[in-house]
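Visitor: From TrEMBL, for reference:
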ACT_SITE  B:TYR237  active site
ACT_SITE  B:HIS245  active site
ACT_SITE  B:LYS276  active site
DOMAIN    B:1-36  domain 'TSEN34 N-terminal'
DOMAIN    B:209-286  domain 'tRNA intron endonuclease catalytic'
REGION    B:115-136  region 'Disordered'
REGION    B:158-177  region 'Disordered'
Amino acid sequence: MTTAETSDLLNLRSVVLSNLQHQHYWTDIKLLDTQVDIDENTQNDPLPRPMIYGRPPEQLYNPEPASSTNEASSSEKPPADKEYVLPVHLTEKLTLRTWASVFDNLPTPSGAAEGGEGGGDAKKKRIVVAVVSGDSTVVYYIMHDGIVKPRQN
Amino acid sequence: MCGTLFGTLPQAQQQNIFLGLPLELMREEARLLVDQRELQWGKKNIILDWIAGSNRSLKGVATIVEDSLAHRDAVKALSETDKADILSLKIQEQDKLMLANREESIKRKEAAIENAKASGKWKTKPARASESSIDKSKETPLFESTLDAIVDGVGGEGGREELASTAQRTSADDGSQRQYVIPMASSAIGLHSLRLPREAENIPSPPDARYQVYKYLQSLGYFMSPGLRFGCQFVAYPGDPLRFHSHFLVKSLQWDEELSMLDLVGGGRLGTGVKKAWMMAGLEQRDIEADRPESHGVRTFCVEWAGFG
């Protein structure tokens, strides 16, 4: 990746960052540039694309709500899970290879068996795709790695 | 796999719950059926080289036959004796049918006479006839003889001859002047099996990405149907489409095929609007140096609206 492309992606990320902070009130935001930012045990290779890690004000949709048992015992809401955000510009064209490499650099979420890709019940990786358009509108989509049942069905 | 029923009624075109036969298969479905047959037979040909052989235990079921050609060949292949057999079978059937009809009409006639006698109307007619005794003597024997002939026809082999005479046929059974019942029972001809081509020439060849994705989801138990109504390639149901709502709008891609973000956004938004997830999938091609060269499977990504923004 050339430096020009990298700086484009970093600018893109700053747009998404301010949108998340000031329009959607995300907290605990951390910028991710290399693999070390995600997992200290790995090498210092750059991520395929710069990302954001943060906590939404409310829990985003979760296919297997882990808090269902907690809700009964405590009236306090548990803090929402942190999410990985991938900024993308609307005019970009990505391939399956790119998406796969983004997911492959993410850690397996807690609760999933090690290397349990074959296990259907293993918690699947997911990211929030932030699509930025030319007028700085940002729309957010949840993308799962693997087959995950839609929420309302 | 369930295919698509497209036999419809002119007055209920949109009521697809009423659709009946014929059934149309997607190219992917037809291909899968053929491939499974080949796998079961243990044939290894060029086509199979790029198909993962994981479904070997599945039973093969299909072969591709070009309908009009196969029909023509089958008709040509009928020998003269076959034709004669079928013809004589038809004649027998026809005779049985005619006997049954005769019997019925006679019974009806008798019942009518009985009714007439009971109501007293019958007497007026013979009374008038008795004025000319010749008429009466002619009438009754004629009626009785017909009855006897029919009874004979039901019982014995010789009945056919008499029947033919009652039906006013000049020649008994030469077949040239016979008339045939048009709706034929095809079960009688079913014994002459179709000659199937050894190597099917018209194996459907759907695009590779589509077929691989179809096969993968099918192996997981999903039911696919055409995705035109939701602007995708397949609609994937978690079971019987009559019982379940579909879960995914599937778009298959080559591993390095570029996809516009607008397509992703549009798919995700449409899918969420109809309570489904939009799925993009493709056959993974890892670099040779990669850590897990054996994972050469289909990879899927499911997209839904995040609920904000």
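From the backbone N, Cα and C atoms, a Cβ is placed for every residue, glycine too.
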Visitor: Can you check what DSSP calls B:TYR237 (active site), collapsed to helix, strand or coil?
Guide: strand
Visitor: Across all the protein chains here, work out how many other Cβ atoms are within 10 Å of the Cβ of B:HIS245 (active site).
Guide: 14
Visitor: Other Cβ atoms within 10 Å is the metric here; tell me which of the active-site residues B:TYR237, B:LYS276 scores highest.
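Guide: That would be B:LYS276, with the most Cβ atoms nearby.
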Visitor: Filter the active-site residues B:TYR237, B:HIS245, B:LYS276 down to the ones with a Cβ under 8 Å from chain A's Cβ atoms, keeping sequence order.
Guide: B:HIS245, B:LYS276
Visitor: If you average pLDDT over the domain 'TSEN34 N-terminal' (B:1-36), what do you get?
Guide: 77
Visitor: Between B:LYS276 (active site) and B:TYR237 (active site), find the distance joining the two CA atoms and give it rounded to the nearest Å.
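Guide: A Cα-Cα distance of 10 Å.
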Visitor: At the Cα level, what's the spacing in Å between B:HIS245 (active site) and B:TYR237 (active site), rounded?
Guide: 6
